[in-house]
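Taken from TrEMBL as is:
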DNA_BIND  B:25-64  DNA-binding region
DOMAIN    B:88-189  domain 'CoA-binding'
BINDING   B:Gly99, B:Val100, B:Gly101, B:Asn102, B:Leu103, B:Gly104  NAD(+) binding site
There are 2 protein chains.
Amino acid sequence: MSEEKENMQTAGKDIPRATARRLPIYYRYLKILLDSGVTRISSNELSKAVKFDAATIRRDFSYFGALGKRGYGYDVKELMEFFGDILNQDNLASVALIGVGNLGQALLNFNFHQSSNARISAAFDVNPEIVNTIQSGVPIYSTDDLEKQIQDQRIEVAILTVPAEVAQQTAKRLANAGIQGILNFTPLRLDVPKEVRVQNVDLTNELQILLYFINNFEKDEN
Amino acid sequence: MSEEKENMQTAGKDIPRATARRLPIYYRYLKILLDSGVTRISSNELSKAVKFDAATIRRDFSYFGALGKRGYGYDVKELMEFFGDILNQDNLASVALIGVGNLGQALLNFNFHQSSNARISAAFDVNPEIVNTIQSGVPIYSTDDLEKQIQDQRIEVAILTVPAEVAQQTAKRLANAGIQGILNFTPLRLDVPKEVRVQNVDLTNELQILLYFINNFEKDEN
DNA sequence: TTACAATTGTTAACACATTCACATAGTGCT
DNA sequence: AGCACTATGTGAATGTGTTAACAATTGTAA
């Protein structure tokens, strides 16, 4: 297959990864600002809220064009709507949750929908006691029906919260079923075809990193 | 060579952040390898498992001295023990969980202890129905007792899973109580004194980033 | 013992990310 | 309308992270 790396001008330009990771954070704060009646904001004020350097914020915004006004700042509503478009906020994404254990259960309750353009529309587990029930408004299917449901419901993203032992084989099935992205909560580094994007969320790791920094740097920057 | 121990003790300051973030991942895989009887490994083999470039792995290891042998690779047991020391694996850290809601509950069950040197030894909540009970072996205290318990139990790290509305004020109390690190699951960017380290885990964000990249046909790691 | 294959440790180049610093352009006051 | 501010957008400098490439060194086999 030919990879169309140049063709991604669709919604944004060639946005640096570090900038992309900050977009949802900007978006969230802009929404808060708008809700509390703030109509304009400067990069310096925003900097205090989101804790990124003001120059970083201005540079980030500038990748999308000249969104501000010199001597004035940025119009909150305008900016928020702009980022809303980039983040596809008017388009609800259906997400599958694979593995309804402790963490899976919590994520079902978590209600991503409230704070993002995504919604868990199907969950899967092997436990016959919960299969075919509805938890937090989400139907639990048997893992046997993984491929069928993903295709029927046109689900593009999966949240993987299965035990480590079955993580790799499940990821393979997800990839075969046409999933485009996996939010991976297992500690394994998944092997997937290159067209599938994996975003790792490794809770044990985050805690260990925090402990490492505390033990090794008495005081330092964030 | 013979000053390996010294390197380990003093290395902290010079280790790049990016390297530090990979240490727990190396450690985990080395443990898996050791458990399955593997005694030696090359940077290339390890690269296939953890999905970092082999040169990156060698560079990471080299910050701690010459841990391998040319033409041979790395001794799994030696390496694992070395990283175990760096990550303070023989020293169990007591962690407080603040906020026993959906996510907090899941993290209580999660049992960090099994896969790391940390253990949740106290949890806090405002809900009188669960205060003074024990959940997953962890006592739930009233949030009123936050400062007292943290100081009595010499807890240095807190996992913050409270509602966003009270996140900042709780963080302030944690900082005042002498907490050194916060694993922040709330969507807020906390304001804390510079000696307190914050590690943000923003679940909605991770999902949004994944969706953004999928929608914009890009492909890269983490 | 010597030769060969394997694999490290590291230099130098590159790539990505952040920040400084300021010309520029627009705001808002009088 | 003019002037003093303000805050953007960005070139240049700096900082951080990754990777190609290979000399150096060791294990292993004959």
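Using N, Cα and C of the backbone, Cβ positions are placed for all residues, glycine too.
In sequence order, B:Asn102, B:Leu103 are the binding-site residues among B:Gly99, B:Asn102, B:Leu103 whose C-beta falls under 8 Å from a C-beta of chain A. Taking every protein chain shown into account, B:Gly99, B:Gly101, B:Gly104 are the binding-site residues, and of these the Cβ with the most other Cβ atoms within 10 Å belongs to B:Gly99.
Residue counts for the DNA-binding region (B:25-64) under DSSP, split into helix (H, G, I), strand (E, B) and coil, are 28 helix, 2 strand, 10 coil. Note on B:Asn102 (NAD(+) binding site): other Cβ atoms within 10 Å of its Cβ, all shown chains, come to 17. Within the domain 'CoA-binding' (B:88-189), the DSSP-based counts of helix, strand and coil residues read 36 helix, 29 strand, 37 coil. Listed in sequence order, the residues of the same chain lying 6 or more apart from B:Val100 (NAD(+) binding site) and placing their CB within less than 8 Å of its CB are B:Leu108, B:Ala123, B:Phe124, B:Asp125, B:Asn127, B:Ile130, B:Gln135, B:Ile140, B:Thr161.
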